[in-house]
């Protein structure tokens, strides 16, 4: 193996390490937590989803709204928050 081949593999290795670090950093995005005190309507796929929830929450004076549940066993509801 020549010196050029070693240098090429070294650069590929460095690029791979740098790329994997970026993936880890971007996948660690912080999830915004909100209170479940303002959960109203059940979300049903194809009938009442995130868009409808957002509109309803905006009409109630909230800045945000999305379909969420506290645990996997709980039903998914439209929860509003600021």
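One-based numbering along the chain as shown.
Glycine is no exception: its Cβ is also placed from the backbone N, Cα and C atoms.
Over in Swiss-Prot, the protein carries these features:
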| type | residues | note |
| --- | --- | --- |
| DISULFID | 39-80 | disulfide bond |
| DISULFID | 43-67 | disulfide bond |
| DISULFID | 53-78 | disulfide bond |
| DISULFID | 57-79 | disulfide bond |
| SIGNAL | 1-28 | signal peptide |
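Structure coloured by features recorded in Swiss-Prot.
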residue: 39; record: disulfide bond; Cβ within 10 Å: 23
residue: 43; record: disulfide bond; Cβ within 10 Å: 20
residue: 53; record: disulfide bond; Cβ within 10 Å: 24
residue: 57; record: disulfide bond; Cβ within 10 Å: 22
residue: 67; record: disulfide bond; Cβ within 10 Å: 21
residue: 78; record: disulfide bond; Cβ within 10 Å: 23
residue: 79; record: disulfide bond; Cβ within 10 Å: 24
residue: 80; record: disulfide bond; Cβ within 10 Å: 24
Euclidean distance between Cα atoms of residue 79 (disulfide bond) and residue 39 (disulfide bond), Å: 4
Integer Å distance between the CA atoms belonging to residue 78 (disulfide bond) and residue 43 (disulfide bond): 6
Cα distance (Å, whole number) from residue 67 (disulfide bond) to residue 78 (disulfide bond): 4
Rounded distance in angstrom between the Cα atoms of residue 79 (disulfide bond) and residue 53 (disulfide bond): 8
Rounded inter-Cα distance in Å - residue 80 (disulfide bond), residue 57 (disulfide bond): 5
Three-state secondary structure, which DSSP defines for residue 53 (disulfide bond): helix
